[in-house]
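Noted in TrEMBL for the protein shown:
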type     : residues                                  : note
ACT_SITE : D92                                       : active site, proton acceptor
ACT_SITE : D271                                      : active site, nucleophile
BINDING  : D92, S93, G94, G95, Y96, D146, Q194, G221 : substrate binding site
DOMAIN   : 13-370                                    : domain 'tRNA-guanine(15) transglycosylase-like'
REGION   : 252-258                                   : region 'RNA binding'
REGION   : 276-280                                   : region 'RNA binding'
Amino acid sequence: MKFTLQAQDPLSKARAGEMETAHGTIQTPIFMPVGTAATVKAVHIHELVNDIQAQIILGNTYHLYLRPGLDVLQKAGGLHKFNNWNGPILTDSGGYQVYSLTEVRKIKEEGVTFRSHIDGSKHLFTPENVMDTQRIIGADIIMAFDECTPYPCDYNYARRSLDMTHRWLKRCCDRFDSTEPLYGYDQTLFPIVQGSVYKDLREKSAEKIASFEREGNAIGGLSVGEPAHEMYAMTEVVTKILPEHKPRYLMGVGTPVNILENIALGIDMFDCVMPTRNARNGMLFTKQGIINIKNKKWEDDFSPIEADSDLLVDQIHTKAYLRHLIRSQEILGAQIASLHNLHFYLWLVKQAREKIIEGTFYDWKEKMVKILDQRL
Ligand code: PRF
């Protein structure tokens, strides 16, 4: 993987860059649609490619390992062949899903034992087997196995957890570096900074993570319920330490405002279920602000979903129609709203990139934050 910095905003730490992966080039800052179970929920690959020009999607080790399982994925020739997405894929390691989705789990030095949320069966994830699994999935960017601490988190727990995440990282790197890609496409491993909301732990973790000298770095453990100002404070502490010339990925973030503020702090990559999950409940992100399409206000509004959008479904369908579909729990409602929201998120990061290149990012960001904080 190669990362080139192309521009830096004069009034913030925002940057524009380009990442070359084995399955194609990504222009940063970028948002990665979440495709948990080998699909971006309710969105067809054809739409990702043609309607919204997604540049990279995310997959989840935890879900893919449980279903369809490694046997099927390996027989398919990897996830790219299985779902026919030919662009870059990043997989999360399961180091978050096992904590957020499973109830019975035990975290030990060896790894994490948990019960499947699907059938209750018992499994063990270790730094080593999670590397092997991501090799089999065939992701271009694979994530280290970490512990994402909850919020709030006791200082001593956060410190001990962090030390274990660092020991796990060494084991991840050893396994990754002694194995090869299975399908002829290069893969790269990103380590993850943790440390809850404690400045000294974040600094210690960022220094440790940087010392591994991988091709990119991630920040985890944020957007887990802490106030936004604490998230921004931690991003700022960490981006000061992580190397300039490597991509920085802030995991699981966030709202449009969170994304803009973190771009301003020097983050290059984001992912979040918000645009797709909230779409299914009727929350729409627009250039004018955030809408709940289920509101009575839209009952007889026959204007397009978004008049100045270049997305087909925004043009040909009305707010009243989408309101009806979502309220009736029609599958098509989820499809239209998900595509609309992903289109908005990708528009937002593309705009950010253009403004950074023009040197006008900061003022534009301030203006957009005011608009996107509003609920219409
Ligand atoms: N670790 C991993 N994946 C994640 C997170 C993390 O801390 C987060 C936190 N927002 C989202 N996804 N491995």
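Using N, Cα and C of the backbone, Cβ positions are placed for all residues, glycine too.
A quick note: this is a predicted structure, and the numbers were derived from the prediction, not measured.
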Other residues, Cβ within 8 Å of D92, S93, G94, G95, Y96, D146, Q194, G221 Cβ centroid (substrate site)
M143, A144, F145, E147, C148, I192, G220, M251
Sorry to bug you, but what's the C-alpha spacing from D271 (active site, nucleophile) to S93 (substrate binding site), rounded to the closest Å?
14
Could you measure between the residue listed as 'active site, proton acceptor' and D146 (substrate binding site) for me? Cα positions, answer in whole angstrom.
10
Using C-alpha atoms only, work out the spacing between G221 (substrate binding site) and the residue listed as 'active site, nucleophile' and round it to an integer in Å.
14
Cα separation, the residue listed as 'active site, nucleophile' to Y96 (substrate binding site) (Å, whole number):
13
Under 6 Å from ligand 1 by C-beta, which of these binding-site residues make it: G94, D146, G221? Sequence order, please.
D146, G221
D92 (active site, proton acceptor) CB neighbourhood, other CB atoms within 10 A:
29
Fewest other Cβ within 10 angstroms of its own Cβ, chosen from the recorded positions D146, D271:
D271
Mean pLDDT for the region 'RNA binding' (276-280), rounded to an integer?
98
Note: in the chain of G95 (substrate binding site), residues six or more apart in sequence with C-beta under 8 angstroms of its C-beta are F125, V130, M143, A144, F145, D146, E147, C148, I192, G220
Cα-Cα distance linking D271 (active site, nucleophile) and Q194 (substrate binding site), given in Å to the nearest integer:
17
For G94 (substrate binding site), the same-chain residues 6+ apart in sequence with C-beta under 8 angstroms from its C-beta are N60, T61, Y62, Y65, F125, V130, T133, F145
Tally of residues which DSSP labels helix, strand or coil - the region 'RNA binding' (276-280)
5 helix, 0 strand, 0 coil
So Y96 (substrate binding site), by the Cβ count within 10 Å over all chains shown, scores 21
According to DSSP, folded down to helix, strand and coil, what is G95 (substrate binding site)?
coil
